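Peer 1: There's a structure below that I have some questions on.
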């Protein structure tokens with residue numbers, strides 16, 4: 001399986017690792033993971049109807065969107 005790996009991104013395993021990896025793969029530092037999370041939240045808000053349909057309803061959309069906001073941050 002290792003022969004198929006083209007690159008390995010080793011990021012801090014602090015519960016934000018998925019966003020850290022995306023940040024690095026976008027050419028940013030892993031410390032900019034919060035901007036990736038913010039950009040995703042903005043995308044969800046701007047195209048809400050599309051994502052509500054994609055996720056199968058408003059309840060699931062709200063669950064996913066709320067999961068993007070770390071506890072104690074935001075309105």
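Any Cβ shown, glycine's included, is placed from N, Cα and C.
Below, the features straight out of TrEMBL:
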type: DOMAIN; residues: 6-75; note: domain 'OTU'
Peer 1: Mind tallying the domain 'OTU' (6-75) by DSSP state, helix then strand then coil?
Peer 2: 44 helix, 0 strand, 26 coil
Peer 1: Need one number: mean pLDDT over the domain 'OTU' (6-75).
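Peer 2: In the predicted model, the domain 'OTU' (6-75) has a mean pLDDT of 89.
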